[in-house]
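Asker: Could you have a look at this structure, given as structure tokens, before my questions?
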Amino acid sequence: MAEVEEVEVEFKQDIVWDLVTIYDRKIEEVLINKIKEKYPQHKYIGEEETAKSGHTAKLTDSPTWIIDPIDGTANFVRRMPLTAISVGLTINQVQVLGIIYDPYKKELFTAIKGKGAYLNGKRISTSGCKVIEKSVMSYEISIARRNDYYYNLYMFRMKHLIRRIQGFRSLGTAVLGLCYVACGRLDAYQCDGLYPWDAAAGTLIVIEAGGHVVDSAGKEFDLMDPNFLASASKPLSDEYMELERRADEEQLKFAREKIGFSP
């Protein structure tokens, strides 16, 4: 792995929490070029290519590779061994393949739709936890700093959850948070405000490991607008969603009363 002193860090669109390094760009370039050699007609949605163009490509029925070259860049530049490479494939807008590699721990998580999830070739499954009081959740709390909407969303939900669950973790990497739900290290992973490359591979791996993925507003999960809760089981997901709906209602009431917000 590269030493931090060798890593030149930039901020995307001058946003202090959205970092990019030369390695993000190089890894994405290598992955796309290698895939193009074998599948020249396929399409691509890459984090760094999207940042460069200024817009996210539309997902079509064509085979599309969705790539996050380094998820957890902020961890990477601080020498925290919590980063991974994520590659997902959709066909007819359906997630069919997920690959996530953690180079620090040499852990390769994979899934093919309908064929289960694997860690270094061995079948994995979620913890199967069904009771919220026994669950440990990874919650990407740093996203709360983006704006007032996310701050209130995250804080109100945390207020309702913290008295019920066994504990919180915040890893700074969505793709590993999802993988850890898939292999039973965590029972739930929650994040709003992410991008397709954060979810394309990991959500499929969770589902193939026996877990449950739902949009955090209660509607069907949308890969191109991934606000989601990934849980070890549907009963656990239902308990989380019940609490979060209460939190969201309280947040909306607060916004209306305190700052005159009207949806």
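Using N, Cα and C of the backbone, Cβ positions are placed for all residues, glycine too.
Bear in mind that TrEMBL entries carry predicted annotations, made automatically and left uncurated.
What TrEMBL records for Glu47, Asp68, Ile70, Asp71, Asp198 is Mg(2+) binding site.
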Asker: Could you tally the C-beta atoms, other than its own, that fall within 10 angstroms of the C-beta of Ile70 (Mg(2+) binding site)?
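Answerer: For Ile70 (Mg(2+) binding site), the count of other Cβ atoms within 10 Å is 27.
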Asker: Determine the minimum-neighbour residue: among Asp68, Asp71, listed as binding-site residues, which Cβ has the fewest other Cβ atoms within 10 angstroms?
Answerer: Asp71
